[in-house]
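Q: To start, I am sharing the structure in question, which I have written as structure tokens.
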Amino acid sequence: MSGTLILVRHGQSEWNLKNLFTGWRDVGLSERGHEEARAAGQRIKAKGLKPDIAFTSALKRAQVTSDHILDVLGLAGLQAIRDQALNERDYGDLSGLNKDDARKKWGEEQVHIWRRSYDVQPPGGESLKDTGARVWPYYIREIQPHVLRGETVLVSAHGNSLRALLMVLDGLTGEEIVKVEIATGVPIVYRLNADSTVASKEILEG
Ligand SMILES: O=C(O)[C@@H](CO)OP(=O)(O)O
């Protein structure tokens, strides 16, 4: 067995609350989102986990979530490494639009395809496959080596950038991963074997 990888989707954002496509738009956490992030820290603490290093995206909702978690863990001095490789999938022209308005305009099915297909890009944006093509190499190059050295690593990121990671860690197909919903502020803890395969997975729910 080697180290531990803790993945967390940021707490509810202001635009999650307003039901808007967000993507790379840099919006803050809602009041509930701040609470969810602190609760994520408590759940990690209750497991006795203490990150040696943290990674987050270039977007503040993930950064602030990471700050809350590290704060709860008494690790406020640990600055998460920020990289846009971990950003949410770029929603292109849909960014900022209301998801229900989009359904009225383009139809339920088309919007579902844009949101939850594996390789169809929303207009001007990234598919989940495109997102994986930047998330996975970053994981392999920058994050995984720490886990394989036996460290505990926190990654605070986004629904779709984490889906891209889960797809490979859990060995899911493109069809399977799009059915997976990752809750805001709920840590997912992986223990990896020395050969980088997954030894165990635990979701730290309520
Ligand atoms: O708007 C977004 O950026 C994402 C995550 O909130 O939405 P979706 O669930 O449609 O991928």
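Backbone N, Cα and C atoms are what each Cβ position is placed from, and that goes for glycine too.
Reproduced below are the annotations present in TrEMBL:
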- 9-16, 22-23, ARG61, 88-91, LYS99, 115-116, 159-160: substrate binding site (BINDING)
- HIS10: active site, tele-phosphohistidine intermediate (ACT_SITE)
- GLU88: active site, proton donor/acceptor (ACT_SITE)
- HIS158: site 'Transition state stabilizer' (SITE)
Q: Neighbour count, 10 Å Cβ-Cβ cut-off, for the residue listed as 'active site, tele-phosphohistidine intermediate': what number do you get?
A: 30
Q: When you measure from each Cβ to the nearest atom of ligand 1, which of the recorded positions ARG9, HIS10, GLN12, GLY23, GLU88, GLY159 fall under 6 angstroms?
A: GLY23, GLU88, GLY159
Q: List, in sequence order, the same-chain residues at least six positions removed whose CB sits under 8 Å from that of ARG9 (substrate binding site)?
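A: Listed in sequence order, they are ALA157, HIS158, GLY159, LEU162, ILE182, ALA183, THR184, GLY185, VAL186.
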Q: Can you tell me how far the Cα of GLN12 (substrate binding site) sits from the Cα of GLU88 (active site, proton donor/acceptor), in Å?
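A: The Cα atom of GLN12 (substrate binding site) is 14 Å away from the Cα atom of GLU88 (active site, proton donor/acceptor).
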Q: Give me the CA-CA distance between LYS99 (substrate binding site) and GLU88 (active site, proton donor/acceptor), in Å, as a whole number.
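A: Roughly 16 Å, rounded to the nearest whole number.
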Q: For the recorded positions listed here (ARG89, LYS99, HIS158), which one has the lowest count of neighbouring CB atoms within 10 Å of its own CB?
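A: Looking at the recorded positions ARG89, LYS99, HIS158, the Cβ with the fewest others within 10 Å is that of LYS99.
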Q: Write down the Cα-Cα distance for the residue listed as 'active site, proton donor/acceptor' and TRP15 (substrate binding site), rounded and given in Å.
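A: So the alpha carbons of TRP15 (substrate binding site) and the residue listed as 'active site, proton donor/acceptor' sit roughly 13 Å from each other.
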Q: Round to the nearest Å and give the CA-to-CA distance linking ARG89 (substrate binding site) with HIS10 (active site, tele-phosphohistidine intermediate).
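A: Counting only the Cα atoms, the answer is 14 Å.
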